[in-house]
Amino acid sequence: MDEEIAALVVDNGSGMCKAGFAGDDAPRAVFPSIVGRPRHQGVMVGMGQKDSYVGDEAQSKRGILTLKYPIEHGIVTNWDDMEKIWHHTFYNELRVAPEEHPVLLTEAPLNPKANREKMTQIMFETFNTPAMYVAIQAVLSLYASGRTTGIVMDSGDGVTHTVPIYEGYALPHAILRLDLAGRDLTDYLMKILTERGYSFTTTAEREIVRDIKEKLCYVALDFEQEMATAASSSSLEKSYELPDGQVITIGNERFRCPEALFQPSFLGMESCGIHETTFNSIMKCDVDIRKDLYANTVLSGGTTMYPGIADRMQKEITALAPSTMKIKIIAPPERKYSVWIGGSILASLSTFQQMWISKQEYDESGPSIVHRKCF
């Protein structure tokens, strides 16, 4: 496909929006899924102040803005802001006219049906796209890893899910969803840093904590042992410089924060950890295909980027699975973007071209067409 009519691939995450052209090997635009509105009255006349800012611009002016994320737990909760993000994606980031390109969007599995209908409606009615499609995120990650069978543990900023896929088909009865992901870990880190005497409260300060989390946190192979090490020596301590020059020290918080993925009780949640959720998902599948799932456990999404997470998953799942089972955790280095990469692969396949929902089909059937054409 030439640049002229290349499909646009937009992976709208709860935390980051990844967008680009089908056939590319990486997204052209990656920006925070944030809409910011001024907290104060504008007094400077003629400054061209806007009533809202999107993405990086909102991030850089965060000190004077209230930041809102229109996507929570993978579900769009604020459609007006979502439209702003899409508008920004097409016109400011990719600089394309959406009415000239087919658009591939992504969504979390087990999302409410109304959510994808509304996505479809906005694409056709507001942006006048000639064609569109909604794909499930985890399935795209598996495409990106070059497999058709495996179980994907996809964890982003807003939602984590485990999706078993066999010969290219997602097994809906075995998909499990966990509303515990990056944003919850950021909030938890804010809380445990407060216990150390560092107070982070505003929406802007939360972004600083997110940066600390991304730069310094890791998953311990053995949590209890790591806690003992942290208590007896300062070898695990790291320092971080805040935007105002103040330096803070962070110790056991570095691994206590992501430990909540394995022990959600840290957050006061009753759910199972990501290792148990993955195991339960496999156990809901037919006994004959479990072996293939254990041997192809693929990690995807930004919240799987912690150092040590693959080894820990290997250890935890080995403890749960039958003792003779071969277990392999696949953690591709580009897993932060694997959903997008999978979308880029899918949208450029010649066999996929008949799968698009066209404007004509939409006009005939309305938004519900999305349930028939996208599965």
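Note that Cβ sites are derived from N, Cα and C of the backbone, with glycine treated the same way.
According to Swiss-Prot, the N-acetylmethionine annotation covers Met1.
According to Swiss-Prot, the N-acetylaspartate annotation covers Asp2, on the basis of similarity to another entry.
The methionine (R)-sulfoxide feature in Swiss-Prot is assigned to Met44 (among others); the stated evidence is similarity to another entry.
The methionine (R)-sulfoxide annotation in Swiss-Prot covers Met47 (among others) and is backed by similarity to another entry.
Sequence annotations record features per position, and here Swiss-Prot assigns tele-methylhistidine to His73. With a cut-off of 8 Å between CB atoms and residues at least 6 apart in sequence, the same chain places Ser14, Ala108, Gly158, Val159, Asp179, Ala181 near His73 (tele-methylhistidine), listed in sequence order.
The DSSP secondary structure for His73 (tele-methylhistidine) is coil.
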